[in-house]
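**Q** Sharing a structure, written as structure tokens. Questions coming.
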Amino acid sequence: MEFTGQIGLIWEQTKVPLVVPVLKVMVILCLAMSAMLFIERVYMGIVIVFVKLFRRKPEKMYKWELMKDDVELGNLGYPMVLVQIPMYNEKEVYQLSIGAACGLSWPADRVIIQVLDDSTDPAIKTLVQVECQRWASKGINIKYEIRDNRNGYKAGALKEGMKHSYVKQCDYVAIFDADFQPEPHFLTRTIPFLVNNPQLGLVQARWKFVNSDECLMTRMQEMSLDYHFIVEQEVGSSTHAFFGFNGTAGVWRISAINEAGGWKDRTTVEDMDLAVRASLKGWKFVYVSDLKVKNELPSTFNAYRNQQHRWSCGPANLFKKMAMEIIRNKKVSLWKKFYVIYSFFFVRKIVAHIVTFVFYCVVLPATVLVPEVEVPKWGAVYIPSIITLLNAVGTPRSLHLVLFWIIFENVMSLHRTKATFIGLLEAGRVNEWVVTEKLGDGLKTKLGGKTPRKPRFRIGDRVHILELGVGAYLFFCGCYDLAFGKNRYFIFLFLQSIAFFIAGVGYVGTMVSTS
């Protein structure tokens, strides 16, 4: 009791002169960041309404004509297209992507399928090679390419793939990750944009998730990614500003890649890096929202955490590397510079992660312990509510899950904020690349329609100390607010702490035995 009393005395003596001023400054900073995010979301909402009302489809903004057979030229009237499929130990999905690429509707003698296999498992390499040989025997022009190292990961594989002599005859390159399955009409929808508009360097398609209903975690991912595709990508394309290449389900003009300096592996977002450099050279991009390519969401928690680390760390690191280069550039307008630096990078890739975690999981709970610091209702309730609704409209079928989405995004904001600071400071895991695990039809095959036995896990694989620590902090703040507070934040604090505890013991997503 005496020890507890001493802690209480120290707390009271340091609270007013030290804790209160620091917390007030943090509240002001968080409110400023919330306002930035709010303005950004409202701006994009207005643009999307304008796009929908005036039906500003890509075919109306750019010249687009269906490719037709030429009597004199024959198939020579079609440009040569390279289709790249980078993969790494993709046992569950390699057949899906190769099969879909080989089924594209394009003259057989005007397309080259290039499988870039970085697999380290000899058995998987053999399977992929045999699959390529099977399609080659059917008359498909497919190349199986390997290298003796994995330098540069995906960027290194794509860069190496562009060095082959047969690539010189190609005008355009379509890129699909190993779990992506383009429809047969993919090239006939995208290539005409590039053929008829010499200023276009990239045509990006939308992602369609085949396993969004697999578990609650995949539903949450769908809500976040639908906003990215339905709103963020559409706004960047329709305003001729900028949007990042998603690394897959897109077609590049090869001359644009070369002019931008080719693929670079200096960050873990080689796709965004190339897009920024190409944009600074004056190339424009178009996003075709009604062209969807099927793919798989990560359905295990560790796979999702690894993906989010890369997607948060990489952009922050790229921002640090390229901010001054963007400012000094003389080829693009001041508006585009502002859009890329402030809107695309600073607000969406840095502020959005930091304010979500710091404000709602650290500062707001701390005001329960320090009643001298108050957060205005507009900052604590109104702005977050509007931002949430604007985010959720992209997936109307999941509106009833919005509460789960909020607390799940807050949990993930811890991981994203940590990754963002790693990227900005170029610390520890800044260049870590863990390939996102795909299950394909593997899980269904293993279960065989029967109830699976409970998978065995090692404790170290599932326990996440940071999440458990934040969960304990939020639970303590909730108990304090319930006993002594007046804010009535305890309902939110208890719900959020439970979410952190669940994530902390890895009880999220699909459970797959490692044995």
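Numbering starts at 1 and runs along the chain as displayed.
In case you wondered, yes, glycine gets a Cβ from its N, Cα and C as well.
Summarising the annotation, TrEMBL assigns transmembrane segment to 25-54, 338-360, 380-408, 463-483, 489-509. Here TrEMBL flags 172-366 as domain 'Glycosyltransferase 2-like'.
Quick one: how deep are these features, and who are their neighbours?
**A** Remote same-chain residues near the transmembrane segment (25-54) are listed as 230-232, 234-235, 238-239, 343, 347-348, 351-352, 354-355, 358-359, 363, 367, 373, 375-376, 379, 383-384, 386-387, 390-391 (criterion: CB distance under 8 Å, separation of at least six residues from the stretch ends).
Here the domain 'Glycosyltransferase 2-like' (172-366) has a mean pLDDT of 94 out of 100.
Nonlocal intrachain contacts for the transmembrane segment (338-360), taken as residues 6+ away from its ends with a CB within less than 8 angstroms of a stretch CB, comprise 26, 30, 33-34, 36-37, 40, 232, 236, 239, 241-244, 276, 279, 312, 315-316, 318-319, 323, 326-327, 384, 409-410, 413-414, 416-417, 419-420, 424, 496.
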**Q** Can you name the far-off residues of the same chain, 6+ from the ends of the transmembrane segment (489-509), with a Cβ under 8 Å from a Cβ of it?
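**A** Those are 215, 217-218, 298-304, 360-361, 364-365, 368, 403, 407-408, 410-411, 414, 457, 461-468, 470-475, 477-479, 481-482, in sequence order.
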